[in-house]
Structures are given as C-alpha cells and as structure tokens.
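Per Swiss-Prot, the feature compositional bias 'Basic and acidic residues' maps to 1-13. For 1-23, 228-258, the entry in Swiss-Prot reads region 'Disordered'. What Swiss-Prot lists as domain 'F-box' is 159-207, and the listing cites sequence analysis.
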Amino acid sequence: MGKVSPKDLDSKTSVRKKKLKSSSNKYLKPGALVQLCYSKASAAKSCNELGKKRVPVFDTKSCNDLGKKRVPVFDIKHARNNKMAVEQLNSPKSPLMLSPVNVVKRSTLVRPMKFDDLQVESNNTCKKSPLMLSPMGIVMQNTLLRTPKTPQADPCVSESQLESLPMDLLVKIVCHLHHDQLKAVFHVSQRIRMATILARQYHFNYTTPDRSRQEMLRVMTPVPINRWPFRRGDGNPTMVSSPHTPKAPKHAPRPPSRTKLAEMKQITAVLFQDQTPFPSRCIVPSVLQRPTLFKPMAPKHPRVLFYEDELCQAVAQNNLT
C-alpha cells in the first residue's frame, strides 16, 4: 500500500465538504426565507443610490419643496419582486408562516384575549377567508374556540339593613332560628356567616330542632307563601296530623298440637313402670325461695347499711345463712 500525500487528503476533505455544502444548500434553514425577503424589501426602501434601477419611494412634500421634476425609471421585473416581498411580509396569509419556528413565535406572542377582543377579531378574520389556511389561522382558531373567562364582579360593599346591625344583635337573631333555617342563612353573606359561627360556638342553647316542627316538615313541604305555623291564604291555621304507622300484620294462628297430654301420661306410665316418671333431681319446685343473707332484724334496726365490725360479729355468731 502506497502512502497518501497530504495534498490528496486535503483535496478529498475539500471535496467532501463541498458535497456536504451542496447537499445542505438544497434545504433552507427555518426563517432563512423570511430574512432574505426582509433584506430585499429593506434594501429596496432604503436605496437612494444613483445609476441603479430601483423603485423610488415618493415623498410629495420633498418634491414640492425642491421644485424639481423627478422622473423615476421603472424596472418592471424588479418592481414585481419587491412588491411581492412587501405583500408577503405585511399580509398574515403568507406562505412564510409555514416555517415551524415562525408558528411557534407567533403562537407565543398570542396574548390571552378578552371576550370583546374575540368578537372583533372573529369579525376581522371572517372577512379574510384565506387566513384560516395558514398555521397562524389555526392558532387563532384555537384561541377563538377557547371558552372566555367569566367576568368577575366587584365585591359588593353595600350592606343591607340586617347586615348593618351590630354583631351581638345578629347573634341573638340567629339564635332564634331553627336548624333547617340555619343551613340557608349560613350562605347569605360573610357577616351573617360570622354571626352563625359565633352563635353555634358560644350562644346556641341547643333547644332546636323543634321535634313537632321537624315531623311536620317531613310530612308537608311548605309553600313559599306559608310561614310557621303553616297557614293557608285565608288565614285559617291548619295543623296537619302526622300519619300513623300502619299496624304490622298479625301472625297466623298456630295449628293445634297433635299430641295430647293425657295420652302422653299413659304412654310414659307403660314405658317407665319401675321408675318414677321424673327423677327427683329433675323436679323443680314451682316457687323458688330467694335466699336471705340476713335474718329479719328487729324493728328497732331499720338500717340497711352496716359497719364492718357489725358484719364481723354477725359472721362470728353464724347469723348469716
């Protein structure tokens, strides 16, 4: 194998680099097309050099001040290119937005919009139908489809006449309410809620719930026009009696026993002739005598409790059975 000269190595590496450059030049980097168009447009606007065919930027005031007649030299092809570049930069429906970098940039620039802004922008975007075809249009559609935030109302500072009362009076008023009324009052306002908490902690006497009222509430749901005690519109109080629990069904009568006691005695007498029908140990007296710990005391000692020495003396004399 022959040795390779360093010149050949340099030539090979240069050829590889050229190939890589040529292959990489086939595809534009993200945002490169935008930079090219922007540089062309800025060069067309800022170029005032003589001897070059450019589209001039007309300024009527400066022309009138100088009093000179300027005849622009138009290059049709160059003017077309510049016009297209400017339109692509200014219009939101340009194909430049197909670059993923620009889509990300535009999507990050989209701010959270209010409901009024959404209405205005939806009207504007409806006029420009091609906007919906671009990625920017997709981002705008996503923002338009979001549910707008509910406008938060400012906290009401004004208080009613009941809430303006001192806290001790509010607590006394709350103490006269029933348990089922406290559930609704607790959510009226923050001040009444504090009064309810104080009433529960310190001043509530736990006389509620009224049992009769609770039973009546179970039976009848009051109409909003009704007040306690439940009255009709004509003013006649009608106390609704709670329904009685239905009686439980009676059991069916027991069938008569098939064996009779007289027949059982005759059978046992024949079977157990040598033995008594029931042994003495099985006989249980009809009336059991309750054992008495103490003998009946004389009427002069009506006491039930005794001292320790008295009990010891009674045990020594065998007075306890």
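Even glycines carry a Cβ here, placed using N, Cα and C.
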Please work out the mean pLDDT for the residues of the domain 'F-box' (159-207). 79
Run through the domain 'F-box' (159-207) and tell me, per DSSP, how many residues are helix, strand and coil. 30 helix, 0 strand, 19 coil
